[in-house]
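Among the features that Swiss-Prot reports, active site, nucleophile is placed at Cys50, with the record citing sequence analysis. According to Swiss-Prot, the feature substrate binding site maps to Thr49, Cys50, Asn51, Arg52, Ser101, Glu106, Pro107, Gln108, Gln112, an assignment based on sequence analysis. Positions annotated as NADP(+) binding site by Swiss-Prot: Gly181, Ala182, Gly183, Glu184, Thr185, Ile186. Taken from Swiss-Prot, the feature region 'Disordered' applies to 407-432. Annotated site 'Important for activity' per Swiss-Prot: His91, in sequence order, evidence recorded as sequence analysis.
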Amino acid sequence: MTLWVLGLNHQTAPVDLRERAAFAGDALPRALESLRALPQVSEAALLSTCNRTELYAMADEARSLVNWLETHAPGLSGYLYQHQEAEAVRHLFRVATGLDSMVLGEPQILGQVKDAWAVARAHGALGSGLDRLFQQTFSVAKRARTDTRVGANPVSVASTAVRLAQESFARLNESTVLLIGAGETIELAAKHLSESRVRRLLIANRTLAHAQTLASQHGGYALPLTDLERHLAEADVVFSATAAREPLVTRVQVEQALRARKRKPMLLFDLAVPRDIEASVDELSDAYLYTVDDLERAVEDNRRGRREAADQAEAIIDLQVARYVETLQATTRQAPLKRLRAFGDSTRDELLAKARQQLHNGKPTDEVLEQLAHALTNRLLHPPTAALRDAALNNDLELTTAADRLFPEKPGYQHPPIATPIVRTDDADPAP
């Protein structure tokens, strides 16, 4: 089996394709089950965020993985990147460290990678190969963040959106802000907004208790999602980041809100993939919509400023990839030896137990030893004998050459006799 990663992200695919490729909620366990059902796949994990969807797998080949992704989201094959073995390891290390993120060094991605590992593990999609890789990934990401400043003072998508809101509404302390959702992105936005002392903070979520918790932490007001349309006109700024499969805010709703506001401008940030706000809202006068792709341009300055720390982190990753691959190759080389030793040990134990039972039953010792030696020879030599016979029939020179090296033919060769130890006595002459 080969290690593969296939995926698309904010650099290779537009937001409309990323939202079709995303896995959310109950779709993720079902997708893992579907993947594991493929005969070419032994292990799998899925990482799905607003900026990327990636499939990690131990599989015979990549074509079956591409076909599976195409079935999930037709038309994405032209946007996919694909890595295998060492380059797949490097890619995951870079992703978890934040080096492949829209916001360089952002900390949220490591938690999302851990979530992907936990879900795959909980649903039986991980084996020793991917589990070992993810465990090493967490260690490498932690070291890169500890030994460099790649994660220092991180600028998140949420903080970038809040900064743009501050630039658009010079006095956020006189504005009403509506947050839709209660996940990590909205939590970060709420934190930055409360620090900006917005006049009024509304938080709408499908689970009201989650909205109430967030509202109590940041001095806001919690709303059930069913009240969203009724309160939309009150918002000068809207931030939305949920896992909904369909838009929560429609063009019609925003048009109605603008009329109620007497055309007073609204600023909307859609931080979700799939999108929470209909794209056509941006066509409305007095409505200004930003998506995660728009925010990428806004964070480019931050990316340039963190390049030195990123280069240091890249050097750490290069070293750790080399060490991981070396360890993996050593383990792979040892595997046939371990299987051979285990086969020999189990065969010996089985036949020895049988011989002891025969002795216990009174069978002559010489006869038991003769049968034991004969059985051991047959049992141990049968697999290589059968393999060599097939190799000869199929003209497999590689295997027959290997057999010559394992069992060299030396006419007249005899094993040296077992040396008899020399017993020293007090009367013995000392060695000259």
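Note that Cβ sites are derived from N, Cα and C of the backbone, with glycine treated the same way.
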For Glu184 (NADP(+) binding site) and Gln112 (substrate binding site), what Cα-Cα distance in Å is obtained after rounding to a whole number?
10
Using an 8 Å cut-off from the Cβ centroid of Gly181, Ala182, Gly183, Glu184, Thr185, Ile186, can you name the remaining same-chain residues around the NADP(+) site, in sequence order?
Leu179, Glu187, Leu188, Ala189, Ala241, Thr242
Name the secondary structure element type, per DSSP in three states, that contains the residue listed as 'active site, nucleophile'.
coil
Nearest of the recorded positions (His91, Thr185, Ile186) to Asn51 (substrate binding site) - Cα to Cα:
Thr185
Suppose the substrate site is Thr49, Cys50, Asn51, Arg52, Ser101, Glu106, Pro107, Gln108, Gln112. Which further residues of the same chain have a Cβ inside 8 angstroms of that site's Cβ centroid?
Gly98, Met102, Val103, Ile109, Val157
Using a 10 Å cut-off on CB atoms, tell me which of the binding-site residues Ser101, Gln112, Thr185 is the least crowded.
Gln112
Rounded to a whole number, how many Å is the Cα of Ala182 (NADP(+) binding site) away from the Cα of Gln112 (substrate binding site)?
16
